[in-house]
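What follows is a short report on a single structure.
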């Protein structure tokens, strides 16, 4: 194996491991918001590592452009989608874990209602 192929395999294994940890977090974390955070982070990092491994295994300018575009689209949509889901969950009244110590959005809502 060439060094690029070895690095590609390492990236793919690392990406798959990140996805596995994200899946475990989906089962183990306490509330909707923690689960969403775990899945969003693992999806972004896992996808980036898998795509990097793919690029190292099949290096070409054409593949670099395709993989770069795929990575940009995935990272942008994952961030926006995660934020939209968290906001929708909060507005729907999804309960926080009892271990949550501070609700910054509740403070912001209280400040907004005092002003208006």
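Positions of Cβ are set from backbone N, Cα and C atoms, glycine also.
What TrEMBL lists as transmembrane segment is 6-27 (among others). Counting only same-chain residues 6+ beyond the ends of the transmembrane segment (6-27), those with a CB under 8 A from a CB of the stretch are 34-35, 38-39, 41-43, 45-50, 52-57.
Per TrEMBL, the feature transmembrane segment maps to 39-58 (among others). Tertiary neighbourhood of the transmembrane segment (39-58): same-chain residues 4-5, 7-12, 14-16, 18-19, 21-23, 25-26, 64, 67, 70-71, 74-75, 78-79, 81-82, selected by CB-CB distance under 8 Å and a gap of 6+ residues from either end.
Sequence-remote contacts of a segment are chain residues at least 6 beyond its ends whose Cβ falls under 8 Å from one of its Cβ atoms, and for the transmembrane segment (64-86) they are 33, 36-37, 39-40, 43-44, 47-48, 51-52, 54-55. For 64-86 (among others), the entry in TrEMBL reads transmembrane segment.
Positions annotated as region 'Disordered' by TrEMBL: 94-116.
Taken from TrEMBL, the feature compositional bias 'Basic and acidic residues' covers 100-116.
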